[in-house]
């Protein structure tokens with residue numbers, strides 16, 4: 001409409017006379033923005049926008065002198081020439097657009113947003129010399145589609161202009177994920193994948209090699225800022241921490257670039273992810289090359305990681321990154337090298353390229369050498385002539401063919417409408433030179449990348465080597481694969497380590513350091529009884545009840561089972577004393593039996609003496625039942641055998657005490673008490689006292705018998721196999737009854753200790769009972785406080801100590817007289833008063 005035309009005119013006027021940047025000034029001075037760099041008429045015209053001129057280094061402008069000319073970017077020049085090649089190839093084709101000639105207008109944006117916007121308006125309006133103010137607003141000068149721009153920020157600016165006119169824009173190198181938004185950029189398409197896919201791929205790459213502590217630098221542009229934002233979001237999901245994230249731009253003052261370089265030098269992160277445009281990355285690497293810096297493993301994006309100009313930074317050897325798949329375009333190299341003098345002279349851009357490449361001037365020059373025609377472009381080493389790895393160039397090639405296929409649609413041909421052409425661009429799906437071209441709903445192609453590694457060749461130069469692939473269309477977990485060995489920083493074959501904290505080994509857990517990212521943590525050993533069996537475990541978990549950690553606390557092993565066994569030293573000693581005590585009792589019995597007719601044996605109630613020796617033998621032997629692994633029968637036997645044999649023993653001692661006491665009472669005139677406590681009564685007393693203990697034990701076994709159990713509470717690291725009492729009342733009833741009889745016996749023995757006669761047995765019984773009571777009184781606290789198998793050892797010790805006390809105090813003096821003092825073994829000696 002006239003209003004729109006007038007608005008465009010106002011904007012053009014503002015762009016022409018407003019100072020947006022130094023690059024726009026330079027570009028206008030060189031005439032690059034107003035006239036196309038390359039052009040050709042045709043039935044349909046396709047526009048092209050490339051950053052043929054660009055900044056090569058940072059310059060501080062004072063706006064008082066003329067800015068120095070921009071240098072030609074040979075790589076971008078190759079892109080523009082590849083577009084010309086593709087259009088000529090289509091025009092020569094009999095299958096695509098037969099009988100129709102495609103034209104082109106290729107402009108240089110100089111990498112400047114204002115220039116890119118100006119070019120977008122020019123391509124939308126044409127170069128008509130007359131400004132139409134009437135209602136008949138012709139679109140005869142409007143291009144059918146635009147290839148470009150190389151950068152995301154200029155592409156965004158262009159798309160906001162031409163999107164209103166529904167002119168399809170197909171970019172070959174603008175990767176910002178923001179451009180997938182069809183609401184803001186409805187007519188934008190691209191043949192290069194969105195940065196969203198590359199950001200996900202980079203995060204998976206970093207995670208694959210175990211790098212959790214990285215640095216990040218980016219271009220301060222839509223490409224760098226949006227791409228890095230996508231990467232950081234994907235990295236966070238993968239558990240990757242970023243030490244720093246710095247932005248810079250090639251037009252920033254050098255102090256800003258130096259600050260970013262210093263951050264990289266001082267950082268602890270070994271790995272640096274650079275989401276930067278190629279021109280920006282050159283500036284940063286040049287700054288880093290001025291001063292030695294610690295080795296860094298660089299991770300690059302498709303923008304710079306396969307740019308041949310970057311290979312001169314040898315300290316980046318070992319860099320890896322994702323790039324567009326390399327390809328082959330038949331005939332392109334011959335076309336690029338076909339630059340006769342007439343063609344070069346006819347194009348200011350080619351002239352400038354020729355003069356810069358060969359350092360001479362076409363035409364007359366007094367100060368510089370003149371090109372004499374001996375220059376050979378065939379031998380020129382330049383990004384323009386390097387067709388060994390056509391990556392982005394193929395994206396330009398495919399973008400031209402995508403627009404051509406859209407024009408080929410019959411509706412597009414009949415209506416000559418860019419609106420229809422835009423619609424049919426969305427439906428493009430074809431294959432050219434074996435490379436598929438199609439767009440999804442967002443105008444993006446299928447994301448496939450090559451993983452490229454900077455490796456040193458045999459001659460010492462650095463070259464790009466494809467070591468893997470990434471295909472976003474494959475199932476999750478299968479997108480990424482590496483099929484060749486990689487070379488890392490400083491030529492190492494070992495994967496560099498880049499972590500804030502070394503991995504926590506099994507047996508420890510991670511504890512985050514206060515105020516630091518989650519990748520910075522301390523490794524704390526697992527608490528007692530807990531393990532962690534994985535690296536970087538966030539928690540430790542307890543072993544099952546019957547298991548205990550090893551010393552490293554990374555495995556649970558069954559707890560050792562402990563009980564008082566016959567194999568250990570303590571068990572052997574106690575068993576030896578037990579058997580020795582039983583043998584001593586039997587030897588004593590043999591001595592008494594051998595001298596059973598002697599006065600000293602007859603005077604001491606031989607029947608009770610033999611029964612006492614028999615019970616003592618059982619007392620010694622019953623201690624053996626407390627050793628070995630407890631079983632159901634051994635648990636019931638050990639306590640009942642102990643209780644019954646000791647009551648039998650004490651009953652015999654009690655009987656002997658009563659006999660002594662009654663015997664001396666019977667010597668008094670008129671006292672006939674012995675007839676009431678003769679041998680039958682003595683036997684009945686022993687049987688009665690023993691029967692009561694048998695009854696107590698029977699009730700105990702019937703109601704709640706002892707049973708074997710695994711004690712897990714005494715020791716955390718081992719299991720104590722012991723006999724549970726079943727009923728504590730039953731156990732203490734057995735001991736209490738034994739203690740009651742012992743106290744009763746002790747009282748009677750004390751009463752009879754001062755009775756006259758040369759041999760008064762009551763004195764020895766008194767000593768034996770004193771020892772017996774002392775042992776069992778001290779047994780109670782020792783038994784309660786002793787842990788594990790030592791509880792059993794204390795009980796055995798008490799049994800043996802009290803048994804030895806009885807046999808030594810009662811029988812040792814008699815055996816000594818029988819064996820060593822036979823002269824005292826007479827009735828006369830025994831009857832003598834003290």
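Quick reminder: no glycine exception, Cβ is built from N, Cα and C everywhere.
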Original post:
Which stretch does TrEMBL mark as transmembrane segment, out of 685-703, 704-722?
Top reply: 685-703
Subject >> Dominant neighbour of the transmembrane segment (685-703) in 569-593, 608-629, 729-752, 764-784, 796-820, by Cβ pairs under 8 Å >> reply: 729-752
Subject >> Positions whose Cβ lies under 8 angstroms from the transmembrane segment (569-593), at least six residues beyond its ends >> reply: 601, 606, 609-610, 613-614, 616-617, 619-621, 623-624, 627, 789, 793, 796-797, 800, 803-804, 807, 811, 814-815, 818-819
Original post:
Looking at 729-752, 764-784, 796-820, which one has the highest count of Cβ pairs under 8 angstroms to the transmembrane segment (608-629)?
Top reply: 796-820
Original post:
Residues sitting near the transmembrane segment (796-820): Cβ under 8 Å, six or more positions beyond its termini, same chain?
Top reply: 564, 574, 577-578, 581, 584-585, 588, 591-592, 595, 598, 600-601, 604, 609, 612-613, 616, 619-620, 622-623, 626-627, 642, 646, 649, 653, 656, 761, 764-765, 767-768, 771-772, 775-776, 779, 783
Subject >> Residue numbers, six or more beyond the limits of the transmembrane segment (729-752), whose CB comes under 8 Å of its CB atoms >> reply: 639-640, 642-643, 646-647, 650-651, 653-654, 657-658, 660-661, 664, 689, 692-693, 696-697, 699-700, 703-704, 706, 760, 762-763, 765-766, 769-770, 772-773, 776
**OP:** Averaged across the domain 'G-protein coupled receptors family 3 profile' (570-834), what pLDDT does the model get? Just tell me the whole number, please.
**Re:** 80
